[in-house]
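Listed in TrEMBL for this protein:
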TRANSMEM  21-48  transmembrane segment
DOMAIN    103-139  domain 'EGF-like'
DISULFID  Cys129-Cys138  disulfide bond
DOMAIN    141-179  domain 'EGF-like'
Amino acid sequence: MAHISALGFHHNVQSSAAAQGLLCFLQALVAKVFYIMGFRVLLSILVLCGTAQEPSSCSSSPCVHGTCEDHETYYSCHDNCDHQPYYVCRCEPGWFGDRCHIYIDECQSSPCPQNATCVDHVNGYTCQCPPGFTGNSCETDINWCDPNPCPSGWVCADMPDAFLCQMPAGRAFSGDLCTAASCGPGWNCKEDVSSGYTCFRG
C-alpha cells in the first residue's frame, strides 16, 4: 500500500532493489502529473514486487542471550529510497543491552556486608555469612546458647560459631566431658577439666 502527499511517497512493502527503484520512479512521475493538473489526492497503488524479498533482520541471529523479534521493514521515498530494517531483542533474565550481550552482575555493587561473600545469581544474589551470623544481609548474630545446649544447671557462654559449657561453681566433674552427645551433630568438642568444655565448628 502506498500514498502520495505533500510530504512525499511512503510505502511499507518489502521488495527487491529493482522494485524499490521502480517505486521511486513512480513517485516522481505521479507526483509531477498530479501537481501539474492541480489535484491534491490520496492515491493507492498496487505494486507487484515479484518474488524477491528482503532477508529477515533476525536471520543473522544478532541477539546473544535473547529472542530476536522481526518488526515491519519501513521504506521512505523522497529523492532516494532509504531501507531501514530493524529488530528488537527480548533479553533473557540476567542480560541486557541492544543485543542482550551484557551480563548483569548483581554483586558488582557489593551489597553484602564486610566479611560476607556475595554469590551472584540470575536476577539476584545471596550473602555467604561469616561464622556466627545469618540473615539475608548477615545482620543476625546467631546465639548458640538459645536454647541452652549445655547440661542442666550448667552455664552457656555464646561465642562466634562456638559456645562454652561451664560447670556450676564449686562442682567437680569426673569422666569424659566430650562425649558424642555433648555438643551435638556437626560440632567438635574441646575439654577443659577446670571449667567445662567448648563446642566449635570446623
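Including glycine, each Cβ sits where the backbone N, Cα and C put it.
Where the annotation comes from TrEMBL, it is an automatic prediction and has not been curated.
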Distant-in-sequence neighbours of the domain 'EGF-like' (103-139), which means Cβ under 8 A and at least six residues beyond its ends: 65, 93-96, 159-161, 201
Around the Cβ of Cys129 (disulfide bond), the count of other Cβ atoms that are within 10 Å: 20
Conformational class of Cys129 (disulfide bond) under the three-state DSSP mapping: coil
Those residues of the chain, 6+ apart, with a Cβ under 8 Å from that of Cys138 (disulfide bond): Cys112, Pro113, Asn115, Ala116, Cys127, Cys129, Pro130
